[in-house]
Structure formats: structure tokens, C-alpha cells
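Peer 1: Here it is: the structure, laid out below.
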Amino acid sequence: MDSTRNSASSNSTGCFTDQKKRKALYEVFKKLSGVDCQRNEGNVVEGVTCYYGEMNKEQFHVAIFQTDKNESLFSERVFDLFDTNHDGLLGFEEFARALSVFHPSAPIDDKIDLSFQLYDLKQQGFIERQGVKQLVVATLAASGMSQSDEIVESIIDKTFVQADTKHEGMIDEEEWMDLVFRHPLLLKNMTLQYLKDITTTFPSFVLHSQVEDT
């Protein structure tokens, strides 16, 4: 896995380079962000249609979790990683790059790389126990679940026993990749199934209509 953090820093929109898919994703973006759909829409630069507007963290949380409940550390971390100019907002291209990683057809390496970055809270190049604990607790809370601190610590202990093969008290990128390949369910929350068919149907929380072919 490349340590240059390709999934968040890349300018590629990956699974959303196709114009029909970009337009469909923009419909979701418009609905969630409330952008004026008539303003500056449709400018073409080098054969690519450019879309405009901005989305805040709360709106992005709805895109990730398909609910308007309180945002979580997970969605906040994803948002911050793709907010490349650190203005607290995502433009459409940043939004497309973020959701591209969550597409069912996105390369597994991109999902592994982004998941590592999410747990590496301090961006140090390795995962600490505290980073794992914060995200485990946040993910459970976002799912409407809660566990005692004792059970959470037990989960983290087991994770580090399996992952920290170098016995350094941390998990580096190589160890994380090995762990994920042994336990693919660790990437379950890195895939949003609704994105697979985004050109034919929107998630029900956004729209109840179909995208027309153009």
C-alpha cells in the first residue's frame, strides 16, 4: 500500500468519470446540499462537465449513512480527509472523489488505504489503540449500539494481538493490509451499495424518482 495517501489526495473521481454517472451523482449532491441546480451547471472543460456547489459535514453525513441523525466520527474523518482546501466544505469534485472510494467497484487497495487513514487519527503513518477505540465507539453509536468499555477494550486487545505482528504497540500499513485480507468484514463500512446503481435509481432518502437517460 502506497504511503502517499493516494485515495484522499488523488484528483481522480475514479468510478464517477463516466458522464452519466457524474450527472446522477450530482443529482444526489444537489438534493443533499440544496445547491441551485441552474447556476453554472454544465460547463465543459476538456470534455468533462463541471458541476458547482458546496456541501457541509452534516449534509455529507447523510450521504454516507443515509440518515439525518447526528454525524459520527467516521463521516467526519472521511469529510476532513477529502476537504483538501480545509474550508469546512466539499465541492462536487471533492464529494465525487470521496464517494468513489465507497463505490462497490472501487479498487480494494483504495478502500484499504482510506480505512487506514481513518484509523490513523493523528496522520502519523500508524494506528494507535486510541484511534481504534474512538472509531469503534463512534461506529457503534452511529449504528444505535453501545457496549461497555470492558467489551470495547476486549475488541481492541484482540485486534492488536492479530494485527501488531511486529509487537511495536501500533499497527503500520503493512500490518493493516494483512489484517484486512484475513478479515474482509473490516471493510464492510467502506462500501455504499446504492452507488452501484446510481444511474438508474437514487437512494430512497434522497429521491423517489429515476434518473433519465440523456
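Glycine too: its Cβ is placed from the backbone N, Cα and C atoms.
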Peer 1: D83, N85, D87 bind Ca(2+) in Swiss-Prot, but which of E76, E94 does that record place at the same site?
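Peer 2: Looking at E76, E94, the one Swiss-Prot places in the Ca(2+) site next to D83, N85, D87 is E94.
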Peer 1: For D83 (Ca(2+) binding site), list the number of other Cβ atoms lying within 10 Å of its Cβ atom.
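Peer 2: A 10 Å sphere around the Cβ of D83 (Ca(2+) binding site) contains 19 other Cβ atoms.
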Peer 1: Starting from the Cβ centroid of D83, N85, D87, E94, the recorded Ca(2+) site, name every other residue in that chain with its Cβ within 8 Å, sequence order please.
Peer 2: F82, T84, H86, G88, L89, L90, G91
Peer 1: Of all the binding-site residues here, D87, E94, which one's CB has the most other CB atoms within 10 A?
Peer 2: E94
Peer 1: How many neighbouring Cβ atoms, not counting its own, are there within 10 Å of the Cβ of N85 (Ca(2+) binding site)?
Peer 2: 9
Peer 1: Taking helix as H, G and I and strand as E and B in DSSP, count the residues of the domain 'EF-hand 3' (107-142) in helix, strand and coil.
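Peer 2: Taking the domain 'EF-hand 3' (107-142) as a whole: 26 helix, 2 strand, 8 coil.
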